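Colleague: Quick one: the structure is below, questions incoming.
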Amino acid sequence: MSLSFSSLLSSPPPRLEKKCKPHPPYSILRPLAVNAVCDTKRQRHWKVGEYPGLSHSLIPGSSKKAPLKNLKKKLDRKNNAKAWVCTVTETLSDCILKKQWLQALQVFEMLRDQPFYQPKEGTYMKLLVLLGKSGQPHHAAQLFHEMVEEGCEPTSELYTALLAAYCRNNLIDDAFSTLNQMKTLPCCQPDVFTYSTLIKACVDASRFDLVESLYGEMDERLITPNTVTQNIVLSGYGKAGKFDQMEEVLSGMLESSASKPDVWTMNIILSVFGSKGLIDMMERWYEKFRNFGIEPETRTFNILIGAYGKKRMYDKMSSVMEYMRKLQFPWTTSTYNNVIEAFADVGDAKHMEYTFDQMRAEGMKADTKTFCCLINGYAIAGLFHKVISSVQLAAKFEIPENTSFYNSVISACAKAEDLMEMERVFKRMKEKQCQPNEITFSIMVEAYKREGMNDKMYDLEQLKQELLHNGSLSD
C-alpha cells in the first residue's frame, strides 16, 4: 500500500502577528483636553490665575504649536514601534513554548539587530534550555559564547543550563569541562543543581563510577545531596537492575534529614518495577510507601495504569481508574495516553478509538504521545488509511513533531512496505531540524534489510556515525 503524507508534516513559517495593539493616536491627546476642563475634582496643575483651557494662540508672544497632523505621525510611529517590539518578543516566547528551536533563534536574531535590544539573562536561559532539550548542544554553546561577548555576565544558573544541554545529549566530557570551568569562577560556583544534573547524565550512561566520584566532590565542597539528587541515583540503579544498591540508597534516604523520600521517590520505584513488568514488586512497594506516610498523586496512578496496560491486565487498569474517580483525582492526558497505548500495542483499534473519543469529549488536550500511540496502533492493525488521517489531525491540532512522532510515521511506512514514503518522511524530518535517534535508524535498517537493500543500509550507517561524531544523535 502506498502512503502519501510526508507533505502533511510541513508547517508554515512563524508569522509576526500583531498581538499587541497600538493605542489610538488621540488616546494621549484627548484626556489633556477633556479631563482638564471637566474633571474639577482632580488636583490642579496650573498656577493661580491661569486658565487651563486657554489657547496658546490667544496669548501675545506665544510660539505657534506644531500642527496636529505632525504630532499624530510621531505618535503613530512611536506606537507602531512599541507594537513591533511587543510582537517580536511575543513571537519569540511562542516559538520557545512550542519548542521550535530554529524559528526561536531566527526571531532572536531579528530582536538582537534592533537598537532597543538589551541582553537579558532570562531570555538566554530559556533559549539554552530549549536548545538542550531539542538536541542542539553545539548551538547552545555558540549562544552562550555570544551572550558573554554581548556583555551579559554568566551566572551559575546559566552555566548549569549549558552543562545540562551537554548532559541531555550524552556529551559527558563537555559537561565535565563546563563544571571545571565553573570551579575557576568565584561567582559561578557549582551548586547541588549543577551536580544533580551531571549525576543524572552519568546515571543514564551507566557510569556509576563517576557518580561516586561526584558524590565525593560534593562532600568536599560541603554540598549535601538533596532528595532530587538521590531520586536520580535511585532511578539509575533501578533501570540498570541494581536493586540492592537501589534499596541501599532508599534506606539512606529514610535515615537522612536532608533527603527524605517523597512522592517522586515513590513514583520512581513504582515506575522501575512497572516498566520491567514486575507487577508483584510494584504493588508491594506501593503498600510500603503508603506505610511510610507518602500519599499517591495522579502520576502515581498513571504509572500503575501504564504498568497494568502493558501486561494486558485490563481489569486492574480499570479498577485504578475507578479508584481515581472515587478519590476525585482527575484523569489527565497521561492517563488517557497510557490506556490508548495499552490498546495500541496489541492493535486494538476499536478500544483505542473509543478511548481517544472519550478523551476529546472530556475536553482533554491530546499531545505528541497521544498521536504516536494512535499511529502505532493503526499501523499494527494494518489500518494505514487511518495512519494518514491521524497525521492530518495532528497537523490540524498543531501537535509538536518531535523525534518520537517521526519515528512513529517512519515505522508505519515500514510496516506498509512503502519505503519511498519512508525516505520522504525521513528527509522531511531532517529538513525540520529534528534529529534522528537509534530507534529511527533501527526501524529503517530493518526495513531495508527485509528488502535486501544493502547499499541503503550502508548509507544509513555512515550517516549515523557522522551524527555520533558530531554529537547530534538524539536520545
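Note that Cβ sites are derived from N, Cα and C of the backbone, with glycine treated the same way.
It should be emphasised that the depicted structure is a prediction, and the values quoted were computed from it without experimental measurement.
The compositional bias 'Low complexity' annotation in TrEMBL covers 1-10. Here TrEMBL flags 1-21 as region 'Disordered'. Taken from TrEMBL, the feature repeat 'PPR' applies to 120-154, 155-189, 191-225, 226-260, 262-296, 297-331, 332-366, 402-436.
Set these features in their place in the structure for me.
Modeller: When pLDDT values are averaged over the repeat 'PPR' (120-154), the model yields 94.
In the repeat 'PPR' (155-189), helix, strand and coil residues by DSSP number 28 helix, 0 strand, 7 coil.
Taken through DSSP, the repeat 'PPR' (297-331) splits into 26 helix, 0 strand, 9 coil.
With DSSP states grouped into helix (H, G, I), strand (E, B) and coil, the repeat 'PPR' (332-366) comes out at 25 helix, 0 strand, 10 coil.
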Colleague: From the DSSP assignment alone, can you count helix, strand and coil residues within the repeat 'PPR' (402-436)?
Modeller: 26 helix, 0 strand, 9 coil
Colleague: Checking distant contacts: for the repeat 'PPR' (332-366), what same-chain residues at least six beyond its ends satisfy Cβ-Cβ under 8 A?
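Modeller: For the repeat 'PPR' (332-366), the list is 298-299, 301-302, 305-306, 308-310, 312, 314, 317, 321, 324, 373-374, 376-378, 380-383, 386, 397, 399.
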Colleague: For the repeat 'PPR' (120-154), could you work out the same-chain residues 6 or more beyond its ends whose Cβ comes under 8 Å from its Cβ atoms?
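Modeller: Those are 92, 96, 99, 101, 104-105, 108, 161-162, 164-169, 171, 174, 185, 187-188, 403, 435, 470-472, 474-475, in sequence order.
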Colleague: Can you work out which residues elsewhere in the same chain, 6+ from the ends of the repeat 'PPR' (191-225), have a Cβ less than 8 Å from its Cβ atoms?
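Modeller: For the repeat 'PPR' (191-225), the sequence-distant neighbours (Cβ-Cβ under 8 Å, at least 6 residues beyond its ends) are 156, 159-160, 163-164, 166-168, 170, 172, 175-176, 179, 182, 232-233, 235-237, 240, 242, 258-259.
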Colleague: Determine which residues of the chain contact the repeat 'PPR' (155-189) at the Cβ level, with the cut-off under 8 Å and only residues 6 or more beyond its ends counted.
Modeller: 121, 124-125, 128-129, 131-133, 135-137, 140-141, 144, 147, 197-198, 200-202, 204-205, 207, 210, 471-472, 474-475
